[in-house]
Each structure stands twice: as structure tokens, then as C-alpha cells.
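Sharing a structure below in C-alpha cells format, with a few things to ask.
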Amino acid sequence: PLASFTVSLHTMDNITVTIKLRPGIPQGCQIRVKYLSRYDLKIKPGENVTFTFTCKTPEEYFIMEIQKNIDCVSGPCPSGDVHLYPPGLPRLNRTFIWNVKASTKAGLELKFATPWLRQIEPGGTCPDFVSYNISSCIDTATVNIGTFCRGGSVSRVKLQGGLIMALYLPWNSSLITSGFNIANRSSIKRLCIIESTLKEESSVTLMSPNYPLGFPEDELMTWQFVVPSNMRASVFFHNYSLSNCERKEERVEYYIPGSVSNPEVFKLNDIQPANIAGSFNLSLQGCDQDAQNPGILRLLFQVVVQHPQIDENVTYLVDLSKEWDMTITIHSEGWPSRSPLMSEPVCLICKDPRTCDRALTLVSGAVYKISFLCKDVARLRITAEKKISCVDFWRCQGKIYGLSVPKIITQLPVRLHRFIWKLLAPEQINVEIMSLTLKLQQHVQEQRCNTSYSYSIVSSTPERDLNVGVFCPGGSIEKIQMRNNVTISLKTFGKGFLNESNRQDLKMSFVQHIKDECTFTVKPDPRAKLYLQTPNWPHGLPPYVSVSWYITVPSKQVARLGFSKDRVGVSCETGRAYVNIQEQRLGAEETVRREDEALPKPLQMYHNFWVNISNCKPVDKTHFALQFWVILAEKKIDLAVIIAVVSGTGLLVAIGLIVCCVKKKKKKSQNPMVGVYNANVNTQMPGKQGLFKKGRKNNESHVYAVIDDAMVYGHLLKESNGSVTPEVDVYRPFDGPVGSLPPSPPPLSFRKEIKLSRSVEEPPPLTETDHNAYTFAHQKLGEPEKNGDANEKSNGDTSTSLLENKEQDGSEE
């Protein structure tokens, strides 16, 4: 059988019980009174009602409110413990409401039994789902003082005039007492007083009435904090807003026992008092608001109580009087965190005994004496920032600025977390950073930084940021030139930075405009393999950005250059992406690869050389990210190579004599000249039979014919006076003397879909056999070269001068 409940209410108790359906729950259960079923039931004072439910789980369908009205205006106000009445109620989610009417000339006090209360934001829930809500009633206005859970520091609440106290209990709660009592007190002449008792190291979070809505206009309220005299309390405002005042001023006032200036007045945006010894009061005062635009006054704050620190009287001098555009922030680890609330105990930084915070910012041009209220200063960190700017290049020219952490920071007992340099330059002025002693190492997967600090470098424009990369000391990069504004962030790892900070040698200067977005000057370490990668790794270069590396090669060494993958891996929507490689020597050929071509195999570089990488506008989801490596080795002197070079020189002299003889015959006869092949002549170098795989004896590549001088040698002549026109358009993006500038990337107009033709294939990596004497391939008229001797053009500089002399002889005729 279903349980039966009887509720008997006395008239003098002035209690009303209401049972109704839970909002949003379908009508699956009813209340049966005698022979009638209904979905709600209201039992008034003086009534005696017996009822049952038509289901076994009524708590899933119904809620209950028990409201008691107490009149303290027309009669005496009851005092003492408040009981949960009447007994014998069904186990439903229930809310007990005590509505107390009182004169505004009187004050009511709610005193809570331990474990006291803890305030939460409206809409929050309590761990045991038991909550209290307190409201103040002045005339017809109702102000929500706050919502509270059990287990906190709020021990008493005093209110001016009447109040509404609501206690919410879930259906399965075992609480049998209200946990508070009501007392009649004299007028408090303010909206309310909230008492918070803190007996040990702890923290309490409190909110202004009606939070997060507005505090009542021109009202005053007070929080009383009871703190043992041997403890220290600090106040932190985490969330507040101000209303628009017509008269008076919104403020907070502190009454601190022993203070010479009670009350101490602060604005809400001031740093609030800290390191307060013992109990104190905090009051919030509103103002007369603008009727048209009142705004909102609200406050959420925290009070932290902890033991005094042994070294709170130890001060540190921070002299920033001679510094320019620098700020130093000392803060707790993890600051600023998403949640403004703190756990206890906290580390505080003080610039005077009562001005403390968990973060303190010091600015250049002043002198500070700071102290730390912290059990372990290892929990503190320093973040600093310095700006260096150049408006007029002629004033900045030649100046070198040191990018090292000042000693005023390293002498503090706090670990440096990050030091940021912001280098600001106009559009036509660029930034050069240099580390000539330690040099910089780029942090890549194959060579990770394992130092106590690193630099993160970002070049910025209003449109985009270019993450140049992460670098640490002890590498091969001497200089980096960058366009636009530059941000360098030094980040430390562990405690080793204090020992290494004295060795910093990073410097910067302002330089004239550079054509590339970024240029690196690299001097490889001969003892290690050097890895370099494009900026913005791994997301790829931005569209149309060009980056260059100038890599120096010692005279007695050779560099081997290789790429980490076979192709660039980018697809272009507009323009072309290029990789350009060129040695810094007169007549050096330029190795060029487009994004749709395979990257060159490892190359041997005997002189200083440039690597230039230029991006196009990539197709979505493709990006230009490239890594390459450089290894230095000692040059090998091969005696056979020397003999081959000497023999080759003699052979070229003989060929020159033959050509001269042919020219003399041409003067006597105008008939076409035909070269005669002598099968008995051996054109092979001794001991070099295996140089060509096809076998030069079989493929007749050593046979040559003199058909016409311009037809055979015209492609080698640099100055033909227009007499010879090349059959194809040869891509020559870099022309002129080779200096200290990188090879120019192709212009944007050139980066269209064109067929890039070359007269010869790219030369393979140089080997010791590449120093053989030059030979000429037999070629029929109108037919391309068919054999594999692809090194003829790359090694044709020696013969060019001889052919030019021969052509001059013919022109004189």
C-alpha cells in the first residue's frame, strides 16, 4: 500500500504548505485527498489534511514549499533557534521560507551554527545540494544578499529591516535542523553587515548584494573579518564594475585597528591593502546614479589569511632610474591564470609593507624597495619587457644595442621566466641581431636546444606575424636581418640561467632596407652537421615571402649541401616557388628548382654560397616548409686530378692551334670547311677509361666537325653583337657581379605557368673526376646532344676565352 501523510497546521504558527508539480515534469503522478486526485495541494494555517500519492516515487514529480510568516512590527519578534516545522512531511525536494517583517529602525541578526556558510555565485550548486538564500526587505524593495553553502567562514549576517530566509533541502537530505537562529538587534544604519571568521590559514570569496546585478543606489554595506592577531590578511579585488555617478563617489573604506588614518579610503581600481595584522572591516559605498544611464556597481573579492613570513622585513633595491621603456613584473607561477581566485597560502610581492599583490609591476625611471611575503620564493617568476625604437635612421645608424638581461633582475632571489625585447622600426629601417661569440643554434628536431635559455624571434607587420624560429646560444648563426618590427623573447629553463647570464652576447642594430623578409649569416662548425629550416615551421612560409641564408666556407674546406626531402611539397595557386643556390664567385652558375621539380641531390660547394627560398601563393592545405643541412670537410688534393688538369690545358692549347690553322685556310678559300676525323688519334686520358659509362670509343662522342664557328661555339659567346640568337629562352634571374647580396628571386610577373627551359641539365655533385680536360662532342646539324656528357657547359669557362680570341680574328678579316 502507498504511504499516507497527515499535516496538521496550527493557526498561530502562520505556516502554509504547498505541494506542486516540478517544472517541466510530465503529469505521471497525482495527490489523492480522500477520494479526489489532483496535481497540487495547499494546506493553510489551521488545517489538518491527510493525503497519499498515486505513485511510489513522488520525489520525481513533486516539490514542496513551507513558508512561515513572522511579524516583528506589530508584536514581539521571536528569537532563538529556528526549527524545521511541521514534522511528518513527505520526503520531497523542499524549500523552507521564513518571511520576517521588521521596522527599518531595527536590525535582525542571523547567526549560523558551525560549520558556518560559504558564499557562492547565483546559479551555483553546493556539494551536498543544501543551500541558503538571504534577502533583505526594505519597504517594497527586495535585495538579494547572497546564496550560501554549508562549510565556510560566514558566521553572522545582520540586516536593516525585514528579511527573507530560504533553506533548500533535497528529498534525501538527513538535515533535521535549520542551522541558524534569529535575534532582534538595534539598527545598523546600512543595508547589511556580513561577518566572516577566519581562524587559520585560509581564503574566503565574497560578493556584493545583487551580484552580478547592480548594488542598490547610494547604499552602504560592511564586511567584518575576524582574524587572529598573529595572522595576516590580504584583500584582492577580482571582478568589479562601476556605475555612473551624479553625486558622491563609489569607494571602499577600511577600518584597521591601529591605523593612523581610519577609515582608509580606496577606489575599486586601486591595489587593496595587504599584510593586515588581525581583524578589520571593509565597507562598500555606492553613489547617486545617473537616472538615464545608471550603470552597474558590483564587486567580487577575496581575502587571504596566512601566517606572517620570517623574511617580510627583508627588502631588495630595484633601481630602474637609468632604464628606458622597460617594465618588470614579478608574479606567482602560472599568472595570469584563467581563474582569478587563489588557493592558500599565496606568494605576495610588496612595494611597501601594506601594498602587496600576487603580481607587482615596476616601471623604468623609478627606484623600488620590494619584499616578499612567501614561504617559498621558488614559486615566483619575473617577466620583463624592454622597447628599443628607431624613428630616424641617421640617428640610429652605427649604434649597437645590447640584448642582455640587466643585473638588477638576475640579482633578485626570483627566477626569470621571460625577457621580451620589442624592436620597433619604421618601414624602410630593418633590424639586425648578431651573436658573434656564442653564435645561435636553430632549434630543430634533429638538433634540439639543451641550454638554460632560448630566444623566440617573431617579425611582425600589421597584416601578419612571421615566426622566424627558436634559437639558443652555441651554434653557427652569426647574424639575422629582418624586416619590420621584431619581438625577441628570452625564456629560461631551470636554474642554470643565473650562471650563464654573464656570457650573453646578443646585440642588435638598425640597418637599411633589405629585399628579403629575413636573411641569415651562417658560419658552420666544421665539427658538426648543421641543420637549418624555413621560418614559420611547420606551418610554412607566408605567401610571396623570400628568405636567404649566406653560408661561409673556409678556403681549405668544402661544404656539402643537402635537403631533407626530395620536393618542396607546395602547390601554387598564383606565382611560382623557387629554391635558388649560388656560390659567391665570378661566373658561378645558379642552381634553380621550381616547386614542381625535384630538389637537387647533395651539392659540393667550394666557396661561400647563398641559399634563397621564395614562396608563391600556395593552394589551400599546402605549405612551403623546407629543411636543409650543411657539412664541412677538408679539401682533398688528388695528384691524378692535377695531372689531368695540366694535360687538359695542353689539349686546349692544341685545339686552339688547330682552330687558328683552319681560320687561315678559310682566308684562302670561301668553300665550307669540314672537319676530318682521324681514327688514329687517341683523345682519352690515360687511366680514365671508366669515366663515361657508354664508352667513348663506341659512341663517337669525341668526334667533332667544323661546320660554322658561330653555329658550334655561339652559345658559349657572351658578346656576339646580335649575330647569334639563342634557340630557347634561358632563365637567368641572377646577372651581374656576385657580391654579398643573395641571388634575386624571380619577379612576380615571371612566376606564371611557363615552360622553364635550360640549355643543359643541372651539374651533378662535384667529384674528383670532374677536373678532367674539356672535350667537345660531335653533333650533327639540327640535332640535340644525345650522350650523357652533361658537365661540358659547367666546365666551359676555360675554353670561352680562346673562342672569343678566335672570333675577334675572324671579325678583323
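Yeah, the Cβs are placed from backbone N, Cα and C, and that goes for glycine too.
Got these off TrEMBL a minute ago, pasting:
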DOMAIN    5-72  domain 'CDCP1 first CUB'
DOMAIN    81-184  domain 'CDCP1 second and fifth CUB'
DOMAIN    190-293  domain 'CDCP1 third and sixth CUB'
DOMAIN    316-405  domain 'CDCP1 fourth CUB'
DOMAIN    416-501  domain 'CDCP1 second and fifth CUB'
DOMAIN    516-628  domain 'CDCP1 third and sixth CUB'
TRANSMEM  639-662  transmembrane segment
REGION    759-813  region 'Disordered'
COMPBIAS  780-795  compositional bias 'Basic and acidic residues'
COMPBIAS  804-813  compositional bias 'Basic and acidic residues'
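A description of the local structural setting of each listed feature is requested, covering burial, neighbours and distances.
Helix, strand and coil residue tallies for the domain 'CDCP1 first CUB' (5-72), in that order: 6 helix, 36 strand, 26 coil [DSSP].
Taken as a whole, the domain 'CDCP1 third and sixth CUB' (190-293) shows an average pLDDT of 93 in this prediction.
Remark: secondary structure over the domain 'CDCP1 fourth CUB' (316-405) totals 7 helix, 43 strand, 40 coil, with classes taken from DSSP.
Under DSSP, residues within the domain 'CDCP1 third and sixth CUB' (516-628) fall into helix, strand and coil as 0 helix, 49 strand, 64 coil.
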As a test: from 81-184, 190-293, 416-501, pick the stretch that has the greatest number of Cβ pairs under 8 Å with the domain 'CDCP1 first CUB' (5-72).
81-184
Using DSSP, what's the helix, strand and coil tally for the domain 'CDCP1 second and fifth CUB' (416-501)?
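Per-class counts: 5 helix, 49 strand, 32 coil.
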